[in-house]
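Structure first, commentary second.
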Amino acid sequence: MSDNDTIVAQATPPGRGGVGILRISGLKAREVAETVLGKLPKPRYADYLPFKDADGSVLDQGIALWFPGPNSFTGEDVLELQGHGGPVILDLLLKRILTIPGLRIARPGEFSERAFLNDKLDLAQAEAIADLIDASSEQAARSALNSLQGAFSARVNHLVEALTHLRIYVEAAIDFPDEEIDFLSDGKIEAQLNDVIADLDAVRAEARQGSLLREGMKVVIAGRPNAGKSSLLNALAGREAAIVTDIAGTTRDVLREHIHIDGMPLHIIDTAGLREASDEVERIGIERAWQEIEQADRVLFMVDGTTTDAVDPAEIWPEFIARLPAKLPITVVRNKADITGETLGMSELNGHALIRLSARTGEGVDVLRNHLKQSMGFDTNMEGGFLARRRHLQALEQAAEHLQQGKAQLLGAWAGELLAEELRLAQQNLSEITGEFTSDDLLGRIFSSFCIGK
């Protein structure tokens, strides 16, 4: 297998459909056109032609599109054949194309990888293709499209350019210490560094929003049996996703629902009631519940308001609180306010949010929705924006750390060499986002997660 091979893959989903598309990219795309179509179509024009087998018989008839390199998606010669979407027809056509020497089936994401390697896309834009396909909401799709069109990359490149300019001044001061202007001590470097830090903080804030749009928030509903966990899941989902009865221990396994709150994806997980298990099935369910709790972004600690007047989680169930991960955020949800007569709404207690509601009637559930949105810092009024992955956030955080360390070197010891090194490392972190500085291993992991025909 070589990167110089001509590759072919189905670009439409497998199965039956009105249209099926095969995409070919590489040096032999021209030969495929001449062999299967009998001619080379006019560049970038739709040509209605028969698709022929080796014996001259017609396999299908459809649209052929020819994009000679470098003016194509991959930067190579690209041919697209758009025929009927039957799996048998597409399979026959694919087998016909693969009889031509030098062609092979594309790896997942290989078309996008070639576009990146041929400077048609940077890495953030290439990732945005997969994110656009996987978008679960309108806002996520729009943000992915912004990333594909270069919005995120432009912000990152602006930061890289600013750091390059800053490094020039710092390294000039190091290399020419006898010059009249001392760049390190006249305040210019500090002012420029502060500007870059402020710009980076703004990008980090937008990236966190973009990460929420892409990844969503994992919320686990946990508590004792019959506290109303499944009723709350149904109320948040807006449908009867879970069976609700008065029998304690009805929920034996993990139930998952994916919803959106004003565009923010929310992964809600209902778990088995936590208690001493009465049988092996319940024990396994409780064990899975704890596994989900430990991986949550937030836990909704469900409390049956008819069984206790306590509001402090450590007082309600100290053993449960003691077992939770130290930094895991908790929201105490006192349920059954329709029975207890408690005032609906939210308050703060010892660093925890406390919400009183009725999962059965739905009263107070909107307060919980708003709380979940605000607790993650999600901005529904965000204009534009872009999607961000975990690796993007990590690179931005590392760059911010290096800039803060560089600032400390500047203000503390005026150590120009150490400042220059911190600036270089920050620049390297940012360049990893767009692929200007990226390991082959990372590229392999990123593109292998794409669809076959992308």
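Here the Cβ of each residue, glycine as well, is placed from N, Cα and C on the backbone.
The structure displayed is predicted, hence computed values, not measured ones.
Copied over from Swiss-Prot:
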BINDING   ARG23, GLU80, LYS120, LYS454  (6S)-5-formyl-5,6,7,8-tetrahydrofolate binding site
DOMAIN    216-377  domain 'TrmE-type G'
BINDING   ASN226, THR245, ILE247, THR250  K(+) binding site
BINDING   226-231, 245-251, 270-273, 335-338, 358-360  GTP binding site
BINDING   SER230, THR251  Mg(2+) binding site
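Known features from Swiss-Prot, placed on the structure.
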residue	record	Cβ neighbours (10 Å)
ARG23	(6S)-5-formyl-5,6,7,8-tetrahydrofolate binding site	24
GLU80	(6S)-5-formyl-5,6,7,8-tetrahydrofolate binding site	21
LYS120	(6S)-5-formyl-5,6,7,8-tetrahydrofolate binding site	19
ASN226	K(+) binding site	22
LYS229	GTP binding site	31
SER230	Mg(2+) binding site	24
ALA272	GTP binding site	27
LYS336	GTP binding site	21
SER358	GTP binding site	23
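In the three-state DSSP classification, ARG23 ((6S)-5-formyl-5,6,7,8-tetrahydrofolate binding site) falls within a strand. Residue pair SER230 (Mg(2+) binding site) / ALA272 (GTP binding site) shows a Cα separation of 9 Å. Under DSSP, SER358 (GTP binding site) is assigned to coil, being neither helix nor strand in the three-state scheme. According to DSSP, GLU80 ((6S)-5-formyl-5,6,7,8-tetrahydrofolate binding site) sits within a strand segment. If you compare Cα positions, LYS120 ((6S)-5-formyl-5,6,7,8-tetrahydrofolate binding site) sits closest to ALA272 out of the binding-site residues ASN226, ALA272, LYS336, SER358. Between the C-alpha atoms of ARG23 ((6S)-5-formyl-5,6,7,8-tetrahydrofolate binding site) and SER358 (GTP binding site), the distance comes to 54 Å.
The separation of ALA272 (GTP binding site) from GLU80 ((6S)-5-formyl-5,6,7,8-tetrahydrofolate binding site), Cα to Cα, is 51 Å.
On the backbone, the CA of ASN226 (K(+) binding site) and the CA of ALA272 (GTP binding site) stand 10 Å apart. When secondary structure is read from DSSP and collapsed to three states, ASN226 (K(+) binding site) falls in the coil class.
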